[in-house]
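Novice: Swiss-Prot lists these features:
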- 1-23: signal peptide (SIGNAL)
- 24-111: topological domain 'Extracellular' (TOPO_DOM)
- C30-C54: disulfide bond (DISULFID)
- N38: N-linked glycosylation site (CARBOHYD)
- C44-C87: disulfide bond (DISULFID)
- C68-C102: disulfide bond (DISULFID)
- N78: N-linked glycosylation site (CARBOHYD)
- N98: N-linked glycosylation site (CARBOHYD)
- 99-108: region 'Important for peptide agonist binding' (REGION)
- 112-142: transmembrane segment (TRANSMEM)
- 143-149: topological domain 'Cytoplasmic' (TOPO_DOM)
- 150-174: transmembrane segment (TRANSMEM)
- 175-189: topological domain 'Extracellular' (TOPO_DOM)
- C188-C258: disulfide bond (DISULFID)
- 190-218: transmembrane segment (TRANSMEM)
- 219-225: topological domain 'Cytoplasmic' (TOPO_DOM)
- 226-253: transmembrane segment (TRANSMEM)
- 254-269: topological domain 'Extracellular' (TOPO_DOM)
- 270-295: transmembrane segment (TRANSMEM)
- 280-290: region 'Important for antagonist binding' (REGION)
- 296-306: topological domain 'Cytoplasmic' (TOPO_DOM)
- S301: phosphoserine (MOD_RES)
- 307-331: transmembrane segment (TRANSMEM)
- 332-338: topological domain 'Extracellular' (TOPO_DOM)
- 339-368: transmembrane segment (TRANSMEM)
- 369-415: topological domain 'Cytoplasmic' (TOPO_DOM)
Amino acid sequence: MARHPQLRLVKALLLLGLNPVSASLQDQHCESLSLASNISGLQCNASVDLIGTCWPRSPAGQLVVRPCPAFFYGVRYNTTNNGYRECLANGSWAARVNYSECQEILNEEKKSKVHYHVAVIINYLGHCISLVALLVAFVLFLRLRSIRCLRNIIHWNLISAFILRNATWFVVQLTMSPEVHQSNVGWCRLVTAAYNYFHVTNFFWMFGEGCYLHTAIVLTYSTDRLRKWMFICIGWGVPFPIIVAWAIGKLYYDNEKCWFGKRPGVYTDYIYQGPMILVLLINFIFLFNIVRILMTKLRASTTSETIQYRKAVKATLVLLPLLGITYMLFFVNPGEDEVSRVVFIYFNSFLESFQGFFVSVFYCFLNSEVRSAIRKRWHRWQDKHSIRARVARAMSIPTSPTRVSFHSIKQSTAV
C-alpha cells in the first residue's frame, strides 16, 4: 500500500464525495489565487485539503482563516462561519484543520422546525384554554339574569364574539390542508371569510365597550338612553359589509389559496384591517379621556355605579393593549437575528391564543357583580338543601316514638 500513495488519495477523495479530476482542478485554481500574493521568506504553499477548501500561500507562523465550505458530503453548511488552519514555523501546513465553527444548515432548519412545532402547541393549548374559559363565562352570563344590565350584555356579546372566533380558528386548523389551499375550493374561502368576520367583531365589540364607558363617564349621559340594538349594530352589523367588500376584492384581485395571505402589490386585506386599526386607535382616545375624568372628577365619588365604571375601565385598559399589541405585531419585522425571531414567534403565539382567556377573566371571573350573584345562588342552594334536610328530619321524628311505644305496649301485653 505504501507504493501507491496516489491511489490512497483517490480513494479518500471518492469516500469524501470528491472527484479526483475536480480535485486537481481545485489545486490549479488555488495556485492561481496565490500568484498575486507577494510573500518573502519561509512560507506554506497553496494547498487544497480533503474537504476542498483552498488554503492560499501564506507566511510561516500565521493562522489562516477561510470560509466554511458551502456544501460537503451531501450536507449544506453556513458559509458565514470560518475554518482555521495554521501555517507552521517550518513552512508546512498543520495536519489538523479547525472546522468546529462550521455548522450544518440542516441543524438550523431543524431548530426552526422545533420552534415552529412548539409555537403550534402553544397556539392549540391557548385556544383550548380560552375556549373553555369563554364557554364558562358565557353560561354564567346566560344563567345569572339578575345582573343583566346593558354593560354586562356588552361583555356577554364580546365573549360570544371570541367564542365564535376561537371555534372558527379550530375549523381553519383542522380543515385547511396544503391540498385544500391549492385547490381554493368555495367552502374554504367561506371558512376564511367567517374567521375574518369574527376577528373583526372582536375589535368592534371592544369598540362598543369603549363607547359605553366614554358615553357614561366623559359625556355624562345617562346610560338609560343607550339601547342594546345600537351596540348590536356596531358589534355584529358593521363588520358584515366590511367583510363582504373584502371578499369581493379577494374574488377579483387575489382569488387563490383560500384567501389566506396576500400577493405582493395586492392590498385587499387592508379593507378589513384598516377599520380594525381605526377602532383600535379611537378606543385608545376614549380610554385617555376616561382615565383623565376618573383621575379628576370621580376620584372622590364612592357610589356603586362609579366603582363599577372604574373596574370596567381597569379591565379595558388591560385588554385593549393585549388586543392591540398582538395585532400590531403583524406589522413588525422581527429581523434576521435568530433570537429575535424566536421571541417574536413565542410572544405572538401566546398573546394571540390566550386573548379569549384574558377577556373571560377580566370581564366575567373578576367581575364583582358576577361573583356576588354566584355567591347568592350558592347560599340560596345551601339554604334550600338545608331546609329539605330539616324537614326530612322533622317528618321522621314522630314515627320513632310511635314505634317504641307500640313495641313497649306489645311487650307489656305479653307479660
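Yeah, the Cβs are placed from backbone N, Cα and C, and that goes for glycine too.
Note that the structure is a prediction, hence the values are computed from the model and not measured.
Just tell me what is around each of these and how deep it sits.
Specialist: With a 10 A radius on its CB, C30 (disulfide bond) counts 19 other CB atoms from all the protein chains.
Following the DSSP three-state reduction, the secondary structure of C87 (disulfide bond) is strand.
Sequence-distant neighbours of C68 (disulfide bond): residues of the same chain at least 6 apart with a C-beta under 8 Å from its C-beta are Y77, N78, T79, T80, N81, N82, G83, Y99, E101, C102, Q103. In the three-state DSSP reading, C68 (disulfide bond) counts as coil.
Of all Cβ atoms in the shown protein chains, 15 besides its own fall within 10 Å of the Cβ of N78 (N-linked glycosylation site). DSSP assigns N78 (N-linked glycosylation site) to coil, not to a helix or a strand.
A 10 Å cutoff on Cβ-Cβ distances gives N98 (N-linked glycosylation site) a total of 14 other Cβ atoms nearby, all chains included. Mapped onto three states, the DSSP output places N98 (N-linked glycosylation site) in strand.
On the 0 to 100 pLDDT scale, the topological domain 'Cytoplasmic' (143-149) averages 86 in the predicted structure.
Distant neighbours of the transmembrane segment (150-174): 124, 127, 130-131, 134-135, 137-138, 141-142, 191-192, 194-195, 198-199, 201-202, 205-206, 208-209, 212, 223, 226, 228, 231-232, 235-236, 308, 312, 355-356, 359-360, 363-364, 367, 369-370; these residues of the same chain sit at least 6 beyond its ends, with a Cβ under 8 Å from one of its Cβ atoms.
Residues of the same chain lying 6 or more positions beyond the ends of the topological domain 'Extracellular' (175-189) and with a Cβ under 8 Å from any Cβ of it are 247, 250, 255-260.
In this structure, C188 (disulfide bond) is part of a helix by DSSP.
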Novice: Among all chains shown, work out which of the disulfide-bonded residues C44, C102, C188 has the most CB atoms within 10 A of its CB.
Specialist: C44
Novice: Work through the disulfide-bonded residues one by one (C54, C87, C258) and point out the residue whose CB has the fewest other CB atoms within 10 angstroms.
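Specialist: Counting other Cβ atoms within 10 Å of each of the disulfide-bonded residues C54, C87, C258 gives the minimum at C54.
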Novice: I need the CA-to-CA distance for C188 (disulfide bond) versus C44 (disulfide bond), whole Å please.
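Specialist: Just about 66 Å between their Cα atoms.
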Novice: Between C54 (disulfide bond) and N98 (N-linked glycosylation site), what C-alpha distance do you get in Å?
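Specialist: Cα to Cα, C54 (disulfide bond) and N98 (N-linked glycosylation site) are separated by 14 Å.
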